[in-house]
Amino acid sequence: MKKLMSVLLVSALAVGVLTGCGGTKKDAEKSDVIKIGVFLPLTGDNAAGGELELRGIKLANKLHPEVLGKKVELVIADNKSDKAEAASVAARLIERDKVKVILGSYGSSLSMAAGNIVKTSKVPAIGTSCTNPQVTANNDYYFRACFIDPFQGTVMANYAFKNGARKVAIIQEVSNDYAVGLAKFFKDAFIKLAGPDSVIEVANYQTGDKDFSAILTNIKAMNPDAIFAPGNFTESALLIKQARQLGITAPFLGGDTWETQEFISVGGADVEGVAFSTAFDREKATTAEAKKFLDEYVKEYKGEPSALSALAYDAYLIAIDGIKRANSTDSVKIRDAIATTKDMEGVTGKTTLDKNGDPIKGAVIKTVKDGKFKYIDFVDVK
Amino acid sequence: MEFFQGLLNMSGASFAQHMVNGISLGSLYALIAIGYTMVYGILLMINFAHGDIVMMACYFAYFGITIFHVPWYFTFIGVIVATALLGAVIERMAYRPLRDAPKNSVLISAIGASFLLENLANYLFSGRPMSFPDIPLLSQNIAVGSIKIQAISLVIPVITVISLLVLLHIVNHTKTGMAMRAVSKDYEIARVMGINIDNIISMTFIIGSALAAIGAIMWGIRYPGITPYLGVMPGLKCFIAAVIGGIGNIKGAVLGGFILGLGEILIVAFFPELSGYRDAFAFIVLIIILFYRPTGILGERTTEKV
C-alpha cells in the first residue's frame, strides 16, 4: 500500500511539473498582445507606495489599452520591498514572462537591484518614483518618470533656508539608498547656502526601527531650526510622533516618500505642518491628460491621487509612446525610442528625457493640514 | 576626541531623559522576555513564535478598537483572552504532537509557526502598516521639569513589575505553579505522579501568551505602526534578553530586558555616530554572554553529572 501511495504521489508531481512547463511555452508568443512588466513592492515596508503606483499603472492601462494595434497586457510582479528578491523578480519578468518593457520600481534600492539584469537582457525599464541618480547613471536601459535627488535635495534646502533655518539636523534611514542619497544632496545644498557648520548633526536609523528616542533626545539638546528626515513613511511618521512627544517643536522636512495615506494615519496630529517635495498636485495639473487622470482616479478610487500614482501613470505613457515611435516590439528598438522621448504630454507635465534618461521636471512642495495633504508651492527647473 | 563629544557635552536634563527612555524600553523588553523564559523554564523549548503572538495581539487590538469600535478597556481584556487562546491553539497544533520527539523538531516547528503567523497576517491584513489605536489617556505627554514622558512609559514598568510578582507568586505559591515546576524538573516522573501534563503545558502557554498580549498592547501604544513583521525584531531582542538573564529564570528575563533596553538607548546617547548600529548592541552582548557565561547572569550553572 505504501509503495503504491509513493508511486502515485511521484506521478502526480511529475504530471504537475510537465503541464506547468507546457503552459508557458504555449502562450508566450501570442502576437496580438504586448506584455509590459509591472515591478513594484506590493508587500513589505514599501507596500503602500507600491499599491499607489499600481493604481496609476492600471488606470493608464484602462485609458490607453492598446498600442500598435496590440492589446497591452500587464504582468504584475511583487518585489516584496526586498533588495534580494527584487533582482530575481525582475529576472523572472524578463526570462519567464518575456515582457518588452518594465515599469518600476518604487524605491531606488529596489530599482538599482534590477539594474544589472535589465542592462544585460536589453529590456528597457522605466522607474516610477525612484529618485536616486544611480538608478539611471551608467545604465542605458533604465529611465525614469520622476525628478532626481540632487534636484529634490536642493529644492528642500532652499525651502528650509528661505523659511529662516540656519542650523539643521539630518536624520536619515541609513539602510535606504534613497534616504542616504537625498540627505547628502540636501546637506551639500544647505551648506552652500548657510555655511559649513550649518548641518549640526547627521543621525542614522535602520529600516524597521521603532524607537528613535535616543537620537531625538540628542538632537533636542542641539536645538536645530529644522530637521530634514528623509525615509520611509512608516518610520518617518513614528519618528515625528516621538519627536513631538519629547517636546521638539522644530519643523520637519522630507521627501516624496511621505505622500501616502499611512503617513497621516500612523502620524496622526503630530505630522501636521511638515513639508516635503513631491512630483504632482492638482493645482499644477494643466495638461489634458492630467484632467483625464484626475477624473478617472476620483471615480475609481475616491480621494485625491498621490504623486506616486501620477508618476506611475506617466511611466506607462512613456512606455507606450516609446513602443509607438519605435513601431516595433523589439526591446532594443523600444529602448532607443524611449531614449529620445521629447515633450511627451503626461499627467505631471511635458516629459523630455535627458541623456541619462531623467526627465527635466519641477517639484511641488506639500504640507499636511487637517489630516490631508495640501499644496504649498511649485519650484520649476531653472 | 569627537567620539566622546556626546559623553562630555550631555546635560543633566538630556541624561535624565535618556534614562527615562531606556527604562521605558527596557521594561517593554522585560515584559515580552518573561513570556519567552516561562515557556523555556517549564518546557525546555524556545517558542520562536512568541514575537509573532505579540504581533497578532496588536492586530486584535486594532480590530477591536478601530474596526469594531469596542471601548478600549473591554477590547484589551478581549485581546488578552484572544491571544491566550491563540497561544493555546498553537501549542495544541504545533508543539503537542512533537512532545516525545527530539528537542530540535519542536524548535523547527516553532519557527514554522512563526512563519505561518507572519504570512497569515501579511495575507489577511496586507503588508501596509496600520495605526495602533490611540488611547489619549495613555499616550498623553507628561512633563517633569524638562523631561517629557508619555503616560504609557510610566505605566509599562509598573505593569512589568506587577506581572513579575504575580507570576512569581503563581509559580512558587500555588498548586498549579508547583505542578509547573515539577514538569520542568522531570516531565516523565511528573506524569507518572498523576499530574495532567497536557493541562499544565496548555496553562503555561496561556499565561505566556497573556503576558505577550499585555506586552503587545504596551508596545502598540508606544510604537503605533503595526505590520505583519512587527514581532521579528522585538522577538529576537527579547529572546536575547531572556538568554542574558538566564533562560528559564523569570527574574533573569526582567534583568536582561532592562540591560538591553538601557544599553541600546545609552549607547546611542553617548556615541551618536553609532546610532545606525544600535541593533548590533543586542547581538554583541549575546555573543559576549555566550562566550563567558552561557547560562546567563542569573542562570544556574548546570553541569552534566554522569
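Cβ from N, Cα, C; glycine included.
Per TrEMBL, the feature transmembrane segment maps to B:26-46 (among others).
With a threshold of 8 Å between CB atoms, the same-chain residues lying at least 6 positions outside the transmembrane segment (B:53-70) that come near it are 32, 35, 76, 78-80, 82-83, 86-87, 90, 117-118, 121, 125, 130-133, 209, 212-213, 215-217, 219-220, 226, 228-231, 234-235. As annotated by TrEMBL, transmembrane segment applies to B:53-70 (among others).
Tertiary proximity for the transmembrane segment (B:76-94) is limited to same-chain residues at least six positions away from its ends with a CB under 8 Å from its CB atoms, namely 49, 53, 56-57, 60-61, 64, 70, 109-110, 112-113, 201-202, 205-210, 212-214, 216-217. Taken from TrEMBL, the feature transmembrane segment covers B:76-94 (among others).
Note on the transmembrane segment (B:106-125): residues 45-49, 51-53, 55-56, 59, 90, 94-95, 98-99, 228-229, 231-232, 235 of its chain, located 6 or more positions outside it, place their CB under 8 angstroms from a CB of the stretch. For B:106-125 (among others), the entry in TrEMBL reads transmembrane segment.
Beyond the ends of the transmembrane segment (B:145-171), by six or more residues, the same chain brings 13, 16-17, 20-21, 23-24, 27-28, 30-31, 34, 38, 137-139, 177, 180-181, 207, 211, 214, 218, 221-222, 250-251, 254, 257 to within a C-beta distance below 8 angstroms of the stretch. The transmembrane segment annotation in TrEMBL covers B:145-171 (among others).
Under the heading transmembrane segment, TrEMBL lists B:200-221 (among others). Same-chain neighbours of the transmembrane segment (B:200-221): 28, 31-32, 34-36, 38-39, 42-43, 47, 50, 53-58, 60-62, 76, 79-80, 82-88, 90-92, 96, 132-135, 138-139, 152, 155-156, 159, 163, 167, 170, 176, 179-180, 183, 234, counting only residues six or more beyond its ends whose CB sits under 8 Å from a CB of the stretch.
The feature transmembrane segment is assigned by TrEMBL to B:227-247 (among others).
Below 8 angstroms of C-beta separation, residues 3, 6-7, 10, 14-15, 18-19, 21-34, 160, 164, 237-238, 240-246, 281-282, 285, 296-298 of the same chain, each at least six residues beyond the ends of the transmembrane segment (B:254-274), sit close to that stretch. Per TrEMBL, the feature transmembrane segment maps to B:254-274 (among others).
Here TrEMBL flags B:280-299 (among others) as transmembrane segment.
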